[in-house]
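**Q** According to TrEMBL:
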type: TRANSMEM; residues: A:44-68; note: transmembrane segment
type: DOMAIN; residues: A:49-250; note: domain 'ABC transmembrane type-1'
type: TRANSMEM; residues: A:89-111; note: transmembrane segment
type: TRANSMEM; residues: A:123-144; note: transmembrane segment
type: TRANSMEM; residues: A:184-206; note: transmembrane segment
type: TRANSMEM; residues: A:232-250; note: transmembrane segment
type: TRANSMEM; residues: A:281-302; note: transmembrane segment
type: DOMAIN; residues: A:315-510; note: domain 'ABC transmembrane type-1'
type: TRANSMEM; residues: A:322-343; note: transmembrane segment
type: TRANSMEM; residues: A:363-381; note: transmembrane segment
type: TRANSMEM; residues: A:387-405; note: transmembrane segment
type: TRANSMEM; residues: A:449-468; note: transmembrane segment
type: TRANSMEM; residues: A:488-509; note: transmembrane segment
Amino acid sequence: MPRLDQLLGPLLLSFLLAVSVVAFLALMGWGRSAADMSLLSEPWFWQVLQFSLVQALLSSVLSVLLAIPVARALALDTGLVAKAWFLRWCLLCFVMPSLVLITGLVALFGRSGYLTPWLGEHWRFYGLNGILLAHVFLNLPFAIRVFCHRWQMIPETAWKLSSQLGFRGWQAFWLVEWPVLRGVIPAVAGFIFLLCFNSFAVVLALGGGPSASTLEVAIYQALKYQFNPAEALFLAWTQLLIVGVLYLLFRRLGKLEWLSPAQHTGWRSSQSAAVILTGRCAYGMAILFLVLPILTLVPAAMRVNLETFPWGELMQVTLRSLGFASLASLCLLICVVGVFSVWRQSTSERVRGVIEAIALHHLMIPGMVLSVGIYLFFLPYLSWHEWGWVAIILLNTLVALPFAFTQLKPAVFEYDQQYRRLVSDLKLGAWRHFYCVYLSYLRPTLQRVLGMSFVLALGDMAIFSIFGRDEWRTLPWLIYSLAGSYRMADAALAALLLMGISMLVLRVLEPSHESK
Amino acid sequence: MSPNKVGLDVRGLHIRRESLSWCYDFQIASGQILAVMGESGCGKSTLLDTLGGFYPADQGQIILGKQCIQTLDIRLRPVSTLFQQYNLFEHLSVEQNLKLGFSKASPTAIQWQQVEQALALLGVQEQLKRKPSLLSGGQRQRIALIRVMLREQPIVLLDEPFSALDAQTRKLCGNWVKQICQEQQKIVLMVTHEAMDAEAWADQTLWVQPLQRTDA
């Protein structure tokens, strides 16, 4: 590793910690404002808390239950078409900018949506229904990928053995399949629960009032609509405590594998026609559910009035969004490579554990809580009006760091395991080793991390909601405001653009087969 | 060892690993091959690890010419090793892997010519642009052997260099190692299980045997 790194690494780690410490200081009331505890006696607070928990619970249960038949069909039914394509689409759905999806769902199920006439008079899209639809759309694909991966992990010999022993139907399921699934279901459900509990854009766009609002949205409203830091602090504390405790709880449930490509499967025992048919139906419905909202954007966007469409603003906003996302994902890359350079230098398990904890601790702190802390801490000293962009880039980097770290860790570990002695023996210079050998080894993983973090930052609503401003919007916020002023066709067109950019970036940065 | 030849002199080298310990005293002249033999698990690889700097010795000296090298950092030791596995970076082409053996990863024209001659002689010249994962075990072993032998390091440590080769290729490679060793005046230590290898190419044979089992 370059010598400069030896200094930069520890500096970087201190910086990562400092950001959280500063946010905590703000939450502790170190600045001017303290948390407003009187909210505990306000009924609306309890209503918001209850709704946050209930929608997250329903979203995770629904996502997991619906994913099981689809994943099973994907893993076991050799006759399914377009599997590889579907699994790639799932990856995109999971990181899809929420506003793209929301616009599509509104075009399908909203007041004048394409499907609304068939849903009966009592159908209400806004509120719990819409939020659940969006959350299941965003998280079902993740669950499908994890479960499918688990099913594929069942060794060929287990299937052969179960056939020879004459296991059928449920018996085979309980004895062969359930044991590999059982371990991972609570972890998937827990993870989805946390994501939905921290959901911001979906609830902001589709919720409303305390009966359909979450803590994240309430924090945003307290800070930006009412400028009530005391209330925002109290809500942020609540959010932090719940997420922190749940994270520590769920972390024990196991590690999830979902990004690795589909595996080649060997011999599988034959299934009854009814089971195959059910699986195929589930697969077909999943495709419909995951594709239709996005496909709907095309006819919706066709109705756009080309003369009144804000082309100039769209161009400007798109460039700004691209700038933010590029800088955030590049910063992330530098950060994560830097963290690993310190991690590799240390041979002590304890030091490595500390470094890992520093890199991962942002998982426990929701982006909104971190944003509120940083915002309030520096409010007396600097103008966020001018410097908000720095915070947007940095915080988008930080919230993606745990993801990047967990993705890279196995690769770095394997590299050291296999090549540490060879690298020493070859006596390559630090820079030559770093650039020619090490980086090129990590390149496929780095590319994937870069692509996904770019798309996540591109779709960010929460961090921008605190530090951004109206006259300085990003693409998701432009879509939000267009949809909010009932310009659905304009919103659909902008959403298609956002979707197109996301797909393009993921496609370009997808590691090629050769380099795997 | 003739006194005018720069050689490797290992004096009273004490090594301990878990409950086993060894003491080594031997000399090898430049241009000679020392076969290192012994039962599985008797400490052959540990000796190579110590010479390469990957495992510390308790006491003793490793002297190359007039320089004591056992205190040198791994990166400064004049040693080139063929490990039992992981000799090639799987994500780099054979050509890139070979070039990494030379200063600044860019061999001189003469050095590269030697590499190409060796590739042709050992029958792996077609593999230059491919990734190691597409090669057979024997092909990988020959590529790694070429890099290890042609690097500008006086001491070469080969840990079972022919284990994946058939009899004919084994002979070809052994002869080539012997030839390079003599031409370039290298000091080669070769771990092997085959007495035939030692007979065919080695100038001396070292039988490795632990001193005693101490109940640590």
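Even glycines carry a Cβ here, placed using N, Cα and C.
I'd like to know what surrounds each of these features in this structure.
**A** Counting residues 6+ beyond its ends, the transmembrane segment (A:44-68) has Cβ neighbours under 8 Å at 128, 131-132, 135-136, 139-140, 142-144, 147, 181, 185, 188-190, 192-194, 196-197, 199, 203, 210-216, 218, 235, 238, 282, 286 in the same chain.
Tertiary neighbourhood of the transmembrane segment (A:89-111): same-chain residues 119, 123, 125, 129-130, 133-134, 137-142, 144-145, 199, 201-202, 205-206, 259, 290-297, 300, 452, 455-456, 458-459, 461, 475-476, 479-480, 483, 488, 491-492, 495-496, 498-499, 502-503, 506, selected by CB-CB distance under 8 Å and a gap of 6+ residues from either end.
Taking Cβ pairs closer than 8 Å, the transmembrane segment (A:123-144) reaches residues 55, 58-60, 62-64, 66-67, 70-71, 74, 87, 89-91, 93-94, 96, 98, 101-102, 105-106, 109-111, 113, 116, 188, 191-192, 195-196, 199, 202-203, 206-208, 211-212, 258, 286, 289-290, 293 in its own chain, all 6 or more past its ends.
Note on the transmembrane segment (A:184-206): residues 52-53, 55-57, 59-61, 63-64, 67, 98-99, 101-102, 105, 125-127, 130-131, 134-135, 138-139, 142-143, 146-147, 150, 212-217, 220, 239, 242-243, 246-247, 249-250, 253-256, 366-368, 459, 461-462, 465, 476, 480, 483 of its chain, located 6 or more positions outside it, place their CB under 8 angstroms from a CB of the stretch.
Sequence-distant contacts of the transmembrane segment (A:281-302), counting only residues of its own chain at least 6 positions beyond either end whose CB sits under 8 Å from a CB of the stretch, comprise 66, 69-70, 73-74, 77, 80, 86, 89-90, 93, 100-101, 103-105, 107-108, 114, 137, 140-141, 144, 488-489, 492-493, 495-496, 499.
Beyond the transmembrane segment (A:363-381), the same-chain residues lying 6 or more positions past its ends with a Cβ under 8 Å from any Cβ of the stretch are 19-20, 22-27, 30-33, 198, 200, 216, 219-220, 223, 229, 232-233, 236, 239-240, 243-244, 247-248, 391, 395, 398-399, 402, 462-463, 466-467.
The list of residues near the transmembrane segment (A:488-509) in space but at least 6 beyond its ends in sequence, with Cβ under 8 angstroms from a Cβ of it, reads 91-92, 95-97, 99-100, 103-104, 106-107, 110, 112, 294, 296-298, 300-305, 309-310, 314, 318, 321-322, 447-448, 450-452, 454-455, 458-459, 475-476, 478-479, 482.
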**Q** Honestly, do the transmembrane segment (A:449-468) and the transmembrane segment (A:232-250) touch, with at least three Cβ pairs under 8 Å and pairs 6 or more apart in sequence?
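**A** Not in contact, no.
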**Q** Hey, which bits of the same chain come close to the transmembrane segment (A:387-405), Cβ under 8 Å, at least six residues off its ends?
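**A** Residues 16, 19, 324-325, 327-329, 331-333, 335-336, 339-340, 356, 359-363, 367, 370-371, 374-375, 449, 452-453, 456-457, 460, 463-464, 466-469, 472 contact the transmembrane segment (A:387-405) from elsewhere in the chain.
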